[in-house]
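Quick one: the structure is below, and I'll ask about it shortly.
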Amino acid sequence: MTEDIYSLFQKPKNPRDFDAIRIKLASPEKIREWSYGEVKKPETINYRTFKPEPEGLFCAKIFGPIKDWECLCGKYKRMKHKGVICDKCGVEVIQSKVRRERMGHIELAAPVAHIWFVRGVPSKMGLLLDLSVRQLERVIYYEDYIVIDPGDTPLKEKDILTEDEYKKCISQYGNKFKAGMGAEAVRELLKKIDLDIVAQELKEKIEAATSTGIKRKLTKRLKVIEAFKNSGNRPEWMILDIVPVLPPELRPLVPLDGGRFASSDLNDLYRRVINRNNRLKRLMELKAPSVIIRNEKRMLQESVDTLFDNTKRSKALKAGTRRPLKSLSDMIKGKQGRFRQNLLGKRVDYSGRSVIVVGPELDMHQCGLPKSMALELFKPFVFNKLEEKGYATTIKQAKRLVEQERSEVWDALEEVIQEHPVLLNRAPTLHRLGIQAFDPVLVEGKAIKLHPLVCTAFNADFDGDQMAVHVPLSYEAQVEARVLMMSVGNLLSPANGKPIVVPTQDMVLGIYYLTKEKHDAKGAGKVFSDPEEVILAYQCKAVEKHAPIKVKLNGEFVNTTVGRILFREIVPEGVPFQMINKELTKKELGKLIEYIHYNFGKRDTVLFLNKLEKLGFEVATQSGISICIDDMHIPSKKTELIKEAEAQVMEVQRQYAEGLITQGERYNKVIDIWANVTERVADEMMKELGAERGKEFTPEELAERRSFNSIFMMADSGARGSIAQIRQLAGMRGLMAKPSGEIIETPITANFREGLTPLQYFISTHGARKGLADTALKTANAGYLTRRLVDVAQDIFLIEHDCGTKDGIYITALIEGGEIVMPLEERIYGRTLAEDIKDPLTGEIIAKRDTVIDQALAKKIVDSGIDRLKIRSVLTCRTKFGVCSKCYGMDLARSEPVEIGEAIGVIAAQSIGEPGTQLTMRTFHIGGAATKIVEQAVLEAKGSGTVRFKNIHYVERKDGSLVVLNRNAMIVITDSSGREREKYNLVYGAKIIVKEGQIVESGQRLAEWDAYTTPIITEIGGKIALGDMVEGVTFKEETDPTTGLSHKIIIDYPATYRPRVTIKDKDGKTAKLPSGTAARYLLPAGAILVVDKGDIVEPGDILAKIPRETIKTKDITGGLPRVAELFEARRPREAAIVSEIDGIVEFKGSQKGSRVIVVRGADETREYLIPKGKHVIVHDGDWVKAGEPLIDGSINPHSILEILGPTELQRYLVDEIQKVYRLQGVSIHDKHIEVIVRQMMKKVRIEDPGDTSFLIGDEVDRFIFIEENEKVIARGGRPAQARPLLLGITKAALSTESWVSAASFQETTRVLTDAAIEARIDELRGLKENVIMGRIIPAGTGSPVYKDTLIKGEFYSMQIEHFSEESIEEN
């Protein structure tokens, strides 16, 4: 009998038992089905007995008993009465936890509208009824009447009538028509809607509509109608007759001491609903006047609104404490809501946290665990061990032993801990290396010991950081921890494949000191027969570490030092000696570790790292390097350099006073002078670092003394500090920036050793404070960026080996400003070839398609002279719901092909987000010293070769130099075989000093230009005439107050004017340019005229100058917002106008206050209106490519997509994002950015639905679109047409297929409302959905591929089964 009753109750679903989850509107029948009884009274619990009031909000009869297996009145106790319903109090005898899942309901006296569907944007109810939210609300809140059935009156259905109009109609038509107010009236209208007919009508209207605005509006409505039609939801379910009541345990009432109660806000909200509902019932029974009833109904509607969503209402209901009450919606949304607080961020049992201290004596796979902590964490295991060994017979006894901390307990703990890894985590966990597994070693004290080499990965230091420890319990968890998460298995960074376990600080300093050379050290010049002899001599103190010696290695003599031979002892055999026969800085050590890892494997690397750490610390200790004030030597030439600079500044000031230069130019020049002098002082300081007062040294001696200067060694080895910081200590601090980013033109000439004057100190504080303020703000921003990135990419895994696509992307070396910033071999490392590669000279195949490129192959490809490769990429991968292994390439963290199930989306997001946080924390290290990049105004050849010109349009000046007259002009330097070696862009107006075909040496000047102004240059000679120059309208005479000289500056002028400089020929006619157009040069606002009427000019002369903006300092502050802007695909504020076709530029007058630029292509012409005052960067007669900007400004990514297509856009986004990171010296592999870009471009917008079920303007997943089209074509129908879409990451994350994931990200209520109306099914494909549902995530070892893998328990001696609940109860 009891079994049958027990089976009536729903058992909690096992998360593995279902594969998808659907959300839809609840019908009134469904709500009644959920409910265990009606809540009729607003009372909660009896204040004297503390027992719940019957029929109240905590009623035990409805929701279940308060104590396990016990009814309320106490007639039935114990488990034997399971399932009995008490005849006295009506409570069922069952576990009290049913109070967490049993719901009640409230029968409403009048229907109410659900606020989510009324108030959401766009309002769902409004769209269905074709009413505005305003009208709808007036009806629902009983202000206006709505016509339900017009009968045979001239009224129309859904007409809105005010109180007076309604009375008028009643007197006119009597009861021929039907109108009503409130949710009842709305429900009747919703019931009348025939979805099929309305949908058909709308489709016809959309076909007939002419304007896109109307089409869009109708489509919006059609979408909602279709959603209701396809989902099986009825529109009238948006109006509620019955309100479900949450189980009482989820809205608890907790007694505090002192007889007061802490209650969940929901209880107050429910109480108001019940009170008003009961009052309304009573009023209706008493047949109260309609006004009173109407008011009560409105109040009921409002109270239900507040219960469901208190934030959507204009006036949120406040508690007594003036804070808004937390409604049901507030419970689920936001950081403190159900999703993010309880489902995605659970607390974990078997965990502890403590301060970390350094443990240099540990091996790399170990961590020190405090004894007391370990005992607590491994308690169950210790109990088991004590029983096993016979020290205790029951758990209770074992407990007692542990509490007494007897000696056998510690022995048991030692044994338990053997081979049982623990996880260490340091918050914030910015990438997956923030949690790693270690073998615990018991230590005294209360601090966790951490190996110094893993600090980089955790970003930990020992200034009070804390870390958390977690214990993996099951065999499976232990195996995963050991195989996948062990610190020795994570030597490479997933972001770029470089070693992340690189020695830092002291270790670097020690190794660097060990490998230095000192020519007068003891034993210098000695010759040894083998390394053993050297070590013996060193141990006998016959030679010093730094002595340069000769040693016979592999049969030949090598010049080296004693220290390097000592270092050779710890390096694996087989590493070429030349790799370590040099001063080993941090960078060199990184290369060495990478080499060892690549050639000798993980095991040797770890052994080497362990030895390296011990040796580094040892030597650093012996060296006795420290900082002393005399180490900061102030250069003797400093005063004279500063005097010289002051003289130059005076000269610039004089030129300004005479009116030769403008204020802006003066400022820029002064900044430049000081930036240069700071550099020179720094150079002098570096030269003289080793000097002592009153002693003379030869330059050679000085160089050696300098190389042993403590501060120099710290910076040079890469241990701590930089040359820039030494400069501030001993050179001069240099230019500082204001908080706004402008540079203050008086620099700080003092350094920290001399000390600063109060004024200098005050100027310094700007930068220092801004640095600290920025850090705080930007950490939050970077964290938010990471969160958005993870959310957009969390459902991308590796699903299959090969998607079979033939597509790929082309990759070349990245060149910026003539310099290769990223060589080809770095860019192709870890990628898969998309086609066979042939040697350009011999034609033999170097590698077949689908080969993964490792370091050796990358080198081979580059050496063969190939400079452009087609590789496979995630951007072109055809795998649905994921990516294939071939397109992704190598798993950078393990340098082998990536495995199926790898969560590459999350790895990509972490790789991009983690340095964002890092960078933002690093803005203030130079204390705001302005690091202005000295404007490059001279171009020098880097190597030797032959000069070639590439699309240069120029005129020759009298002196034989050439002046460039177009943009995208280039100078190329080729080697003897005609291969391009260097490539330089030239700016408009640059002066070329070399001739085409000339052979140049490295360092030779090629061209120069003015870095501060953009000139306007004449192409022909002649006499100057000015047009439309009206003072005060198109230009103003600016008289410089300091100089008394005047010049003409063009100002923002009315559209009818076109100020210009015209060149006249001998006859006084307007001369013609070689292209045939008239020689007129339009002057933009801000231009400063250099010529005057009647002047005679030669070809190549400057007519006017446009000053460039004054310089601001560059810093990732510009960087992080820039990265966010690119990922969010925002349209830039000052977007450049871009040419849509290839063609020749023509200037054509102006219209409506804008200049008109025409681009003439081969078969089409495009006109562009340029707003006045914008600086045009193309010139008449220039040839522009599609996608090139015509005016200054950032390019709008959406226009790249439209003009150049998706491939170009993808390349642009990847390159632009990489640029920002590269500026900060952060290396991220392209593939990570590609993964995110793939997600941003996964949707298409339907332009023409054809015969498919799509609607115009629908945003559909690319794969679904292709699939649907294939089906339609197979049926012989017309396929849909669509254009690719670029979504920002926030929008892409919200438009994911999974509603659970989207709701837990942002805008929870909107996502849930939309999903419920469509009755969306979540297939639980991504990580987040599965974490929320409490399932194993479908990535890594949880992948469907490994579903049936079992782990054999024999490897582990421990038996965990001992700890099921029953065994504890029995004892």
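Using N, Cα and C of the backbone, Cβ positions are placed for all residues, glycine too.
Not measured: the values here are computed from a predicted model.
Annotations for this protein, taken from Swiss-Prot, read as follows:
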BINDING   CYS71, CYS73, CYS86, CYS89  Zn(2+) 1 binding site
BINDING   ASP461, ASP463, ASP465  Mg(2+) binding site
BINDING   CYS803, CYS877, CYS884, CYS887  Zn(2+) 2 binding site
Among the binding-site residues listed here, CYS73, CYS86, CYS89, CYS803, CYS884, whose Cβ has the fewest other Cβ atoms inside 10 Å?
CYS73
Looking at the binding-site residues CYS86, CYS89, ASP463, which has the shortest Cα distance to CYS884 (Zn(2+) 2 binding site)?
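That would be ASP463, the closest of CYS86, CYS89, ASP463 to CYS884 (Zn(2+) 2 binding site).
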I need the least crowded one of these binding-site residues (ASP461, ASP463, ASP465), counting other C-beta atoms within 10 angstroms of each C-beta.
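Taking ASP461, ASP463, ASP465 as the binding-site residues, the minimal 10 Å Cβ count falls on ASP463.
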Would you kindly give the Cα-Cα distance separating CYS887 (Zn(2+) 2 binding site) and ASP461 (Mg(2+) binding site), rounded to the nearest Å?
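With distance taken Cα to Cα, CYS887 (Zn(2+) 2 binding site) is 38 Å from ASP461 (Mg(2+) binding site).
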I'm trying to understand the geometry here, so how far is the Cα atom of CYS86 (Zn(2+) 1 binding site) from the Cα atom of ASP465 (Mg(2+) binding site), in Å to the nearest whole number?
58
Can you name every residue in this chain, apart from CYS71, CYS73, CYS86, CYS89, with its Cβ inside 8 Å of the center of the Cβ atoms of the recorded Zn(2+) 1 site?
ALA60, LEU72, GLY74, LYS75, TYR76, ASP87, LYS88, GLY90, VAL91
Sequence gap of 6 or more, C-beta under 8 Å: which same-chain residues meet both conditions with respect to CYS887 (Zn(2+) 2 binding site)?
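Listed in sequence order: CYS803, THR805, THR832, ARG872, SER873, VAL874, THR876, CYS877, THR879.
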In angstrom units, rounded to an integer, how far apart are the Cα atoms of ASP463 (Mg(2+) binding site) and CYS71 (Zn(2+) 1 binding site)?
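Roughly 57 Å, rounded to the nearest whole number.
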Same chain, not part of CYS803, CYS877, CYS884, CYS887: whose C-beta falls within 8 angstroms of the C-beta centre of the Zn(2+) 2 site? Give them in sequence order.
GLU800, ASP802, THR805, ARG872, VAL874, THR876, ARG878, THR879, VAL883, SER885, LYS886, TYR888
Using the centroid of the Cβ atoms of ASP461, ASP463, ASP465 as reference, list every other same-chain residue with Cβ within 8 Å of it (recorded Mg(2+) site), in sequence order.
ILE356, ALA460, PHE462, GLY464
Specify the secondary structure state of CYS884 (Zn(2+) 2 binding site) as given by DSSP, simplified to three classes.
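SS state of CYS884 (Zn(2+) 2 binding site) = strand.
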Taking only same-chain residues 6+ apart in sequence, whose CB is under 8 Å from that of CYS71 (Zn(2+) 1 binding site), what do you get?
ALA60, PRO65, LYS77, VAL84, CYS86, LYS88, CYS89, VAL91, GLU92, VAL93
Three-state secondary structure of CYS803 (Zn(2+) 2 binding site) from DSSP?
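DSSP assigns CYS803 (Zn(2+) 2 binding site) to coil.
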Taking the Cα atoms as reference points, how far is CYS73 (Zn(2+) 1 binding site) from ASP465 (Mg(2+) binding site) in Å?
54
What is the total of other Cβ atoms whose distance to the Cβ of CYS877 (Zn(2+) 2 binding site) is within 10 Å?
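For CYS877 (Zn(2+) 2 binding site), the 10 Å Cβ neighbour count is 26.
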